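Going by Swiss-Prot, these are the annotated features:
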ACT_SITE  His53  active site
ACT_SITE  His99  active site, proton acceptor
BINDING   Tyr56, Lys95, Asp501, Gly538  ATP binding site
BINDING   Glu97, Asn539  Mg(2+) 1 binding site
BINDING   Ser98, His99, Asn100, His101, Arg120, Gln244, Glu318, Ser319, Gln320, Ser541  substrate binding site
BINDING   Asp121, Asp274  Mg(2+) 2 binding site
Amino acid sequence: MPNMEPTTKEIKEQKIYQEMGLTDSEYELVCSILGREPNYTETGLFSVMWSEHCSYKNSKPVLRKFPTEGKQVLQGPGEGAGIVDIGDGLGVAFKVESHNHPSYVEPYQGAATGVGGIIRDVFSMGARPIAMLNSLRFGELDTPHAKYLVSEVVAGIAGYGNSIGIPTVGGEIQFDPCYTKNPLVNAMCVGLIEAKDIQKGQAKGIGNPVMYVGAKTGRDGIHGATFASVEFSEEGEQQRSAVQVGDPFMEKLLLEACLDVIRDHSDILVGIQDMGAAGLVSSSSEMASKAGAGLELIMDDVPQRELNMTPYEMLLSESQERMLLCVKKGHVEEIQALFERYGLEAVVIGQVTDDKMYKIIHHGEVVANVPVDALAEDAPVYHKPSKEPARYQAFQEEKAFVPAMDDVVGVWKELLAQPTIASKRHIYEQYDYQVRTDTAVVPGSDAAIVRVRGTEKAIAMTTDCNSRYLYLDPEVGGAIAVAEAARNIVCSGGKPLAITDGLNFGNPEKPEIFWEIEKAADGISAACLELDTPVISGNVSLYNETDGTGIYPTPVIGMVGLVEDLAHITTQDFKNSGDVIFLIGETKAEYSGSELQKLQQGKISGRAPELDLATEKKYQQLLLTAIQEGLVASSHDLAEGGFGVALAEATFKAGLGADVEVPFALNQLFSESQSRFLVSVKPENEAAFAQLMELEKVYRLGVVTEDDTIRVKHKEDQVTAKTTELRSIWEGAIPCLLK
């Protein structure tokens, strides 16, 4: 028999609503909206829909700062994913989503279902997913638990992505102590769509049926959205019931069936949405609210895989591989027949109404009846207090860190062995990045590139964020995250189009944390405006704290760019001996927040590196022009580890060397100054490249050599290192640490 649910009186007097995630004032607001005390099911509906994860009640004032419009934008924020125009009637849909809390509790399933959820967001728009990326954060690889988390998260991503047949083509991983108990797992999906096929998540047309398709509903993931909206604790590790279990083979069937409906039955499909966070209640109430309609759902008709499920459990379950469709009256059988061909259930569970109410019926009784807008649109919005942390001013005034560089080659080797810098081949080789056979640039270069079939175009894509810079200065660091993403796209031959942002922060109820969120948004907005990359989708993950210890501010930037001609595709590795090496951009003694500072001081402090957005834009445009004119053989942005690491990485693939003279002192070899690019050009293109770059801070450094030796000179100083030795250290670091 099902458990007896608390009465309205018990909910109020025992403050059961607090356990469900509502504050006292929010509970009172619900009572005011309803004109009565909510029952248990209704309290559950409000608790999940008013969670930060679903309502963005703490972050909405900040999100409004983002530029979201541009001539390239076909769909901005507010739907399952954003979409940009790439010409020829085609669009690219993409979005990033976090699955942080679940991935700490149950790393394999947490990561796997994060992948599944973001794939559904993209195909719910009518787009065929063509690529996956991820952005991961872990603690140092010096404990068995850290190694376990990395191995299981990567296995979960691989297990789901490989099984469903979507290539995982790129991403980034950073290791820092602040992520030890707060790992971040952000998954990004990119899809291709014909502009005419764009769908909306809406339920309109009075009397139109609402259909449930896909897997049956179980008790997994109940209150998952609430779980993701509170600070974590050691006890929270026991909350495995809030973590869903995924089935990629079911998802593959669901994907193909939904795309068939969109392609062949668009005239009878009114709307479609994934059942993601907060499950059925979220998808159904949002679809009705967006259309200005109401909804009546019959819980008895919801496919269930467990006995005696209550309406509360069915509405809040986050069981995976489920979609909600609204179709025109009289066409249910057509839709059911299509889904049956894929072996999937498609069941009518309700209909659109005209009263703007959200009515739930079970065993012939009304068990919930609330205004639909109150759930989906009218959550309270909080303008949290904001306060500059004491550390910020201290960092501004701190004496600049000066690295110990007595043994330059020794430092070089140490840096290449740091897991944040070291080769991630051991990780990405677990992913099938060639499935679908359209991957033009595989993991390991600045950006991944996937061809657009039937055209000469390709899509460049990347995820980026150096959270250490944001810890020092969230505004500058936020701008750098966008700039670096754009750099990676440009270095690969693409024109940056737009971003999706995964905003991972600590507890917003702490004024110092909310200050970080505000400032990071300011930096991201400024860079997006300057570089013409509007924010078209995203995700907010707050409360990434465990027992009071939080993460660095980590707004992950997922960016997509257009490679207009396959001939423009460029990679970071040197191609031929004799090619001429150039450095674009100025190198300064900037080590704060750098991999070198972390290595030598064991901590991060000081002023973040400077970023001039006008200079950044100018250099990116010049480099992209040079690439499009066929003048560039290789191109690599300078990021973690600065020039020294970028130069070494450029030699590794072909086993070449380099003989260069740099315009800065050798103790600045690992400075992380911004807006810099390492470029090689064929000798016959040198004059044209130099002319294009005339009057800019562009330096001819030397040439690519046939031997496996890197020689770096500045005036009388010189260092020499063997490519093979550096590569061995770089490639072996992570496999060694994960043993």
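Cβ coordinates are placed from backbone N, Cα and C, and glycine is handled just like the others.
Structure with Swiss-Prot features highlighted.
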residue	record	CB count, 10 Å
Lys95	ATP binding site	27
Glu97	Mg(2+) 1 binding site	27
Ser98	substrate binding site	27
His99	active site, proton acceptor	31
Asp121	Mg(2+) 2 binding site	27
Asp274	Mg(2+) 2 binding site	29
Glu318	substrate binding site	29
Gln320	substrate binding site	29
Asp501	ATP binding site	30
Gly538	ATP binding site	27
Recorded positions near Asp121 (Mg(2+) 2 binding site) (Cα-Cα within 10 Å), from Lys95, Ser98, His99, Asp501, Asn539: Lys95
Spatial neighbour of Lys95 (ATP binding site) that is closest, considering only the recorded positions His53, Gln320, Asn539 and their CA atoms: Asn539
Per DSSP, three-state class assigned to the residue listed as 'active site, proton acceptor': coil
Nearest of the recorded positions (His53, Asp274, Glu318, Gln320, Asp501) to Glu97 (Mg(2+) 1 binding site), judged by Cα-Cα distance: Asp501
Mapped DSSP class for Glu318 (substrate binding site), helix or strand or coil: coil
C-alpha spacing of Asn539 (Mg(2+) 1 binding site) relative to the residue listed as 'active site, proton acceptor', in angstrom: 10
Of the binding-site residues listed as Asp274, Glu318, Asn539, the one whose CA lies nearest the CA of His53 (active site): Asn539
Integer Cα-Cα distance in angstrom, Gln320 (substrate binding site) to Tyr56 (ATP binding site): 22
Nearest recorded site to Asn100 (substrate binding site) by CA-CA distance, among binding-site residues Tyr56, Asp274, Asp501, Gly538, Asn539: Asn539
Longest CA-CA distance among Ser98, His99, Asn100, His101, Arg120, Gln244, Glu318, Ser319, Gln320, Ser541, per record bound to substrate, angstrom: 20
